[in-house]
């Protein structure tokens, strides 16, 4: 089932996501919904907070890109980056920030401990686009968005677009959840 994606300024995107203790039917259903939503948008990565669930869980699939056609879709649960190497700037976008892009500097390769869709422990090295997408999605699990990593000059360039997103003035080609602001009296 395609589920709506939470948009910039929604509180769930700023929370530290909770670790999972296992994979049950509910998590399996969530994973299926996340893949379907990601493919429909279309996107190449999606973290649970982006669909309103504050859990340390993400899915990704970069096989739509010719040079990564042999990379299988991934489920990553409770990820922990344990080592990084090199740095590279690259343009990023995000389904929670429709229409917005910016250059982000990130490590070009990472070593990652995580659990797979069977909740089996894994440790692997990732580089290039796969490392970038993993880091981008892990940021979501830590309550961080790619715009938080922009250089000040770059951030100033996109501030009007961020303000428009926060106030609901944007166009998305996929279902979204608009943030609700609660007045605290």
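Note: Cβ is positioned from N, Cα and C throughout, glycine not excepted.
Annotation comment: Swiss-Prot describes 137 as active site, evidence class sequence analysis. According to its DSSP assignment, residue 137 (active site) is helical.
Swiss-Prot lists 94, 136, 140 with the feature Fe cation binding site. The Cβ of residue 140 (Fe cation binding site) has 26 neighbouring Cβ atoms from other residues within 10 Å, across all protein chains displayed.
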To the nearest whole angstrom, state the Cα distance for the pair residue 137 (active site) and residue 94 (Fe cation binding site). 9
